[in-house]
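Novice: Take a look at the following structure, please.
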């Protein structure tokens with residue numbers, strides 16, 4: 001189910017170019033986040049309690065507000081292929097942060113799969129004549145960093161509140177952060193057509209409310225690194241839709257890039273064989289079975305997250 005989120009996000013380019021008013025990316029960001037957040041808060045009738053007031057604000061700023069704003073800067077200063085390629089480093093950033101903050105292992109396989117993912121996205125969307133802009137590259141990299149921090153903190157700050165409620169808090173906080181920026185930079189919204197309303201409605205209900213709920217559900221139940229590797233599907237879906245709907249031509253390099261992206265996702269998501277099984281003698285020994293410290297020793301020997309993580313690792 002988590003893989004549906006990047007697939008949905010991959011439709012954003014098509015919806016934006018075909019249904020939304022031009023040159024209004026911040027308006028799209030606000031209308032994508034704030035109405036969806038308020039809707040989820042109204043449906044769940046749950047508000048944050050205690051520390052979750054500031055945690056929701058921080059996560060909303062990282063996952064929604066700052067991320068969308070930096071994405072807007074990168075989109076204006078860089079060709080789309082460059083921005084997507086820089087953003088593809090996010091799985092590697094999440095893997096490194098997870099090792100430092102969550103105690104997850106940073107394995108050579110993850111590093112190699114992450115590098116392959118970046119190369120695959122580059123083949124998929126990067127053009128030979130792409131121009132680099134320092135500010136744009138820094139904005140794209142900053143967007144990847146804040147989103148990576150947001151993903152890891154979302155895992156670290158697990159809440160007992162319903163998933164739709166915490167998703168609504170973050171979308172609302174991020175939307176409120178973006179609203180004054182959008183008004184300052186882009187001014188008042190233009191008159192909207194029926195097609196514009198359909199596009200914004202899709203981004204609100206499907207691109208945000210549904211997609212982010214599935215995304216945060218994945219973060220709760222899976223290792224964060226696995227979740228962010230699935231994000232590499234987004235440029236793959238966007239490219240496929242360009243070919244199917246917009247009649248864009250696919251090159252051999254793009255086909256190779258798509259294959260590399262899929263291989264990177266599969267390679268990282270495969271679980272290593274469990275070779276840490278308990279010796280047979282330990283199970284057959286009455287002394288071991290009756291020892292007061294036996295149970296605690298087995299728990300201490302289990303990998304981090306094996307007890308508390310619903311999805312296992």
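In case you wondered, yes, glycine gets a Cβ from its N, Cα and C as well.
Nobody curates TrEMBL annotations by hand; they come from automatic prediction.
Predicted, not measured: the structure shown is a model, and the values here were computed from it.
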Novice: Transmembrane segment per TrEMBL: which of the ranges 16-37, 82-103 is that?
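Specialist: Result: 82-103 is the stretch TrEMBL calls transmembrane segment.
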Novice: What mean pLDDT does the predicted model reach across the domain 'EamA' (135-266)?
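Specialist: Its mean pLDDT is 92.
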Novice: Looking only at the domain 'EamA' (4-125), how are its residues distributed among DSSP helix, strand and coil?
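Specialist: Here the numbers are 98 helix, 0 strand, 24 coil.
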Novice: With Cβ-Cβ distances below 8 Å as the criterion, list the same-chain residues six or more beyond the ends of the transmembrane segment (82-103) that contact it, or say none.
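Specialist: Apart from its flanks, the transmembrane segment (82-103) reaches 71, 74-75, 110-111, 113-115, 117-118, 120-122, 124-126, 130-132, 136-137, 140-141, 143-145, 147-149, 151-153, 155-156, 223-225, 227-229, 231-232, 235, 268, 304-305.
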